[in-house]
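Read the structure below first, then the notes.
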Amino acid sequence: MAVKFSHMLFGAFVLLFVLQPCVIKSLKLDSLQNLEQVQKGGVASGINQVKQYLKTYGYYPHGVKLTLGDRFDHSLESALNTPSGFTVNGVDTVFARALKSWADGSPFKFTKNSNSDIEVAFYSNNHGDYPFYDPVNKVEAYAHSFYPEIGRVHFNTLYTWSTNPTSRQVDLESIDVHKLGHTLGLEHSGLKSAIMYPYIDLGAIKRNLTQVDKDGLKAMYMY
Ligand SMILES: *[C@@H]1O[C@H](CO)[C@@H](O)[C@H](O)[C@H]1NC(C)=O
């Protein structure tokens, strides 16, 4: 666990170096050395400072509240887990397109705000609700989400996320559209072309709602 944390911390600092090369200079490096041994749930002086930097530079996903203090908590973990290859704005753009698909296919409207009903974030396997790993089928889920009114959509950092996936990467928008379907209350569809079909291959792109997906929502909300 300690090893895992120092790995994630390293990832976060790489992001700070790359995106904000001048910022790191004003962080006191001696205070950061304490942090290498801290695991999730642990406390170390300097964590509060790291949180504030991550917040200032946009690493906290929308809907995830920043909790100040020197504890390595859930919110800090999600901030450390912005997937490589994406900027925060890049991730936001994909999420906005996925929401637009559902907005275009229903009477619902979605707006972005700091007190939202839907939270999207990237996490590693054990992150406080359900693990992504399914021991029965021995598979790692790409992501998980929940039926209403639990608006959490969590993506698995084990995978490499992309907007233009190779055969080893996962299309972020395709998975987000599917997961948002559950957030809105839809169950799986047996129709292979449907967004709500439970399986999708690595590298595959399936972003557009089908009539079955739209009809499912229509039947559920009776509009
Ligand atoms: C998905 O929808 C977009 C916008 O309506 C359209 O341009 C695109 O061709 C569609 N893709 C597929 C695979 O149908």
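From the backbone N, Cα and C atoms, a Cβ is placed for every residue, glycine too.
Here's what TrEMBL has on this protein:
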SIGNAL    1-24  signal peptide
DOMAIN    68-223  domain 'Peptidase metallopeptidase'
BINDING   D117  Ca(2+) 2 binding site
BINDING   H127, D129, H154  Zn(2+) 1 binding site
BINDING   D134  Ca(2+) 3 binding site
BINDING   H178, H182, H188, M196  Zn(2+) 2 binding site
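Shown on the structure are the features that TrEMBL records.
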residue: D117; record: Ca(2+) 2 binding site; contacts (Cβ under 8 Å, 6+ apart): E149, G151
residue: H127; record: Zn(2+) 1 binding site; contacts (Cβ under 8 Å, 6+ apart): H74, E77, S78, H154
residue: D129; record: Zn(2+) 1 binding site; contacts (Cβ under 8 Å, 6+ apart): R152, H154
residue: D134; record: Ca(2+) 3 binding site; contacts (Cβ under 8 Å, 6+ apart): E140, A141
residue: H178; record: Zn(2+) 2 binding site; contacts (Cβ under 8 Å, 6+ apart): I195, M196, I200, K206
residue: H182; record: Zn(2+) 2 binding site; contacts (Cβ under 8 Å, 6+ apart): S145, F146, Y147
residue: H188; record: Zn(2+) 2 binding site; contacts (Cβ under 8 Å, 6+ apart): M196, Y197, P198
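The sparsest Cβ neighbourhood within 10 Å, among the listed binding-site residues (H154, M196), is found at M196. When secondary structure is read from DSSP and collapsed to three states, D129 (Zn(2+) 1 binding site) falls in the coil class. Note: the Zn(2+) 1 site is recorded as H127, D129, H154; in the same chain, A121, Y123, G128, Y130, F132, H144, R152 also have Cβ atoms within 8 Å of that site's Cβ centroid. A Cβ within 8 Å of the Cβ centre of H178, H182, H188, M196, the residues given for Zn(2+) 2, is found for these other residues of the same chain: K179, G181, L186, E187, S189, I195, Y197, P198.
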